[in-house]
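**Student:** One structure is given below, represented as C-alpha cells, and several questions about it will come after.
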Number of protein chains: 2
Amino acid sequence: MSARYHVFIVSDATGLSAETAARAALAQFDLDRRDTQLHRHVGLTSTADLPGIVREAKAKGGVILHTLATADWSKRLSTLAQEHHVRTLDLLGLTVQVFSEAFGVTPRETPSPHHRLDAAYFQRIEAMEWTVRHDDGRAQDHLIEADIVLIGVSRVSKTPLCIYLANRGCKAANVPLVPGVPVGEQIFTLPRGRVFGLTIDAQVLLEIRRNRVKQLGGSGGEYASPAAVQAELAYAEDIFRRGRFPVIDVTGRAVEETAAEIERVLERRAGRARR
Amino acid sequence: MSARYHVFIVSDATGLSAETAARAALAQFDLDRRDTQLHRHVGLTSTADLPGIVREAKAKGGVILHTLATADWSKRLSTLAQEHHVRTLDLLGLTVQVFSEAFGVTPRETPSPHHRLDAAYFQRIEAMEWTVRHDDGRAQDHLIEADIVLIGVSRVSKTPLCIYLANRGCKAANVPLVPGVPVGEQIFTLPRGRVFGLTIDAQVLLEIRRNRVKQLGGSGGEYASPAAVQAELAYAEDIFRRGRFPVIDVTGRAVEETAAEIERVLERRAGRARR
C-alpha cells in the first residue's frame with residue numbers, strides 16, 4: 001500500500017524544524033499514519049536537487065515544507081513550485097522575517113552554524129552521557145549531580161522520559177520504586193523541586209505489564225497481578241507523600257507531554273523564585 | 001544581565017514545534033545566546049493566560065510564536081497581540097492550512113491527540129529502552145536486533161548520537177573500537193548498511209580527550225597522547241575498510257548533523273532498493 005498524503009521536507013540544514021512542524025500539523029487531521037509519508041531531502045549543498053524534488057512532489061500531489069537558509073535557494077524553490085502548482089511553506093523564512101522585524105536585526109542568510117558547538121551544546125552532550133550512565137537506579141551515589149530525578153514503579157516510562165529529557169540537555173536520573181527494596185534516604189535530602197513522582201492508572205499499568213510479559217514470553221506471576229500492581233502503586237504514593245514530591249500521572253500521556261508538564265512545573269517554580 | 005531578545009512560545013500542546021522553529025530561526029542571526037530568551041507557555045488549558053502573556057511580550061519587546069490548535073484561541077491571541085502591537089506567527093495554523101488545501105482534508109481544531117499512543121509510538125519507546133540497555137558495547141550479543149550500529153574510538157560521540165537516534169525511534173547500538181581488544185566478528189556479518197564508522201580529525205580528538213582528562217582531574221597518559229590517538233584512528237580505519245562500512249567524519253559536527261547524515265545515507269540506500 002502506498003501513502004496518499006505526501007509531505008516533502010527540504011532543508012540545507014537538518015530539516016528538524018520542518019519535520020517537527022509537519023508532524024504537529026499532520027496530527028491535526030484524522031489521517032491514518034500509514035496514509036501519510038514524509039520525504040526528507042535535507043543537508044542540500046546545491047540547488048541541483050530542487051527541480052527533481054518539485055517534480056516528485058507534483059507527481060504525488062504533495063506539499064513542500066522548507067527551511068532553506070541560503071538567500072536565493074528559497075526563492076528558487078518557490079518559483080519552481082509555483083510553475084508546477086505545488087504548494088509550499090517557507091517555515092524558516094517566515095520565522096526569520098518576524099524576528100528580523102521585531103528585533104531590528106539582519107539574518108545571515110547562510111545555513112552555516114545551525115547548531116553551534118558552544119558551551120550549551122557540550123553541556124547537552126554531557127547530559128546525554130550522564131543520563132545513560134545513570135539509568136535505572138545506577139545513579140544512587142550521584143543523585144546530587146542530577147537536574148531531575150524521576151521515581152516510580154516499573155513501567156511508568158522512567159527510562160524513555162530520561163532519554164527525552166537528556167536529549168533536551170537535562171541530566172535525568174531515575175530510581176525504581178520496589179516494595180521491600182528500601183529507597184535510598186538521599187532522595188529525601190535533594191534540593192526541593194528536583195524529584196518528580198510518576199504514577200499511572202492501576203488498570204492501565206496492569207495492561208502494559210501483561211503485554212510486556214507476553215512479549216518476553218513469560219507467564220507474569222506477581223509482576224502482572226492486580227494485587228501486586230495495587231500494592232506497588234500504594235507504596236510509591238507513600239514515598240511521594242513522605243518526600244512531598246510533585247506527582248505526575250502518565251496515564252495516556254506521551255513522553256513529550258509528560259516532559260512538557262515537568263518543565264512547566266520547573267518554570268513555574270523558577271518564576272516564583274524570581275519574584 | 002537580562003536578555004534583549006525575547007521569544008514567547010505559546011501552545012495548547014507541548015510547544016515543541018514552535019520551539020524547534022524558534023531555535024532554527026535564532027541561529028540565523030549573529031546573536032549572543034545569552035542575549036536571547038525563550039519563554040515557554042505550553043500546555044495551556046484555557047485562554048485565561050493569553051492577556052498576561054501578550055502584556056509580558058509587549059513589555060519585553062518580544063515576539064510570539066504560537067501553535068494553538070483550538071479553533072478560536074489562535075484568533076483570540078492574534079487579536080490581543082494586534083491590539084498591543086506585538087508580532088506573532090501562527091506556525092501550526094499556517095502549516096495546517098497548507099496541508100488542508102493541498103490534501104482537501106479538514107483539520108480537527110482541537111489540541112487532543114497531538115502525540116498518538118499508537119504502534120509507532122510504542123516502537124519508539126521500545127527503541128529508547130533498548131538503546132539505553134545496549135550502550136557502550138553491551139549489545140555485542142544483540143547487535144542483530146539493532147537498527148543502526150555505530151563504531152569508533154573513544155570520544156567520537158557514539159553515546160550522544162545513539163540517544164539522539166533513539167529519541168527518533170531507532171534502536172541504536174554502539175561498539176567502542178580499542179586497539180588490542182578484538183572486535184566481535186558479528187559486526188562483519190550484519191546486513192549491509194546497518195553499521196556506520198565514526199571518525200574525527202586527530203588533532204580535534206586529542207583536544208577533546210585532553211579536556212576530558214582535565215575535567216576528570218587525571219593526567220591523561222596514553223589516552224590523550226598524539227601517538228595513541230593516531231594509532232587508534234588508524235586501527236578504526238582498518239576495521240571500517242574491512243567491513244566496507246560507510247564512514248562519517250564528526251569533526252565540528254553537532255549530533256543533529258551527524259544523525260541527519262546517517263539518515264540520508266539510509267534513505268539513499270532505501271531509494272536505490274526501491275528502484
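Every residue number used here counts from 1 along the chain in the order it is shown.
Using N, Cα and C of the backbone, Cβ positions are placed for all residues, glycine too.
In case it's useful when we look at the structure, here is the feature table from TrEMBL:
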- B:GLY152, B:VAL153, B:SER154, B:ARG155, B:VAL156, B:SER157, B:LYS158, B:THR159: ADP binding site (BINDING)
**Student:** Residues with Cβ closer than 8 Å to the Cβ of B:GLY152 (ADP binding site), same chain and 6+ apart in sequence?
**Tutor:** B:LYS158, B:ASN174, B:PRO176, B:LEU177, B:GLY197, B:LEU198, B:THR199, B:ILE200, B:ALA236
**Student:** For B:VAL156 (ADP binding site), what residues in its own chain, 6 or more apart in sequence, show a Cβ-Cβ distance under 8 Å?
**Tutor:** B:LEU198, B:THR199, B:ILE200, B:LEU205, B:VAL250
**Student:** Please report the DSSP secondary structure of B:GLY152 (ADP binding site), reduced to three states.
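**Tutor:** For B:GLY152 (ADP binding site) - judged by DSSP and reduced to three states - the answer is strand.
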**Student:** What subset of the binding-site residues B:VAL153, B:SER154, B:SER157, B:LYS158, B:THR159 has a Cβ positioned less than 8 Å from a Cβ of chain A?
**Tutor:** B:SER157, B:THR159
**Student:** Using the CB centroid of B:GLY152, B:VAL153, B:SER154, B:ARG155, B:VAL156, B:SER157, B:LYS158, B:THR159 as the ADP site centre, which other residues of the same chain sit with their CB within 8 A?
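**Tutor:** After dropping the recorded site residues, what remains is B:ASN174, B:PRO176, B:LEU198, B:ILE200.
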**Student:** Show which residues of the chain containing B:ARG155 (ADP binding site), separated from it by at least 6 in sequence, have their CB under 8 Å from its CB.
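**Tutor:** Listed in sequence order: B:ILE200, B:LEU205, B:ILE208, B:ARG209, B:ARG212.
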**Student:** State the count of C-beta atoms found within 10 angstroms of the C-beta of B:THR159 (ADP binding site), not counting that atom itself.
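**Tutor:** Neighbour count, Cβ to Cβ under the 10 Å cut-off: 25.
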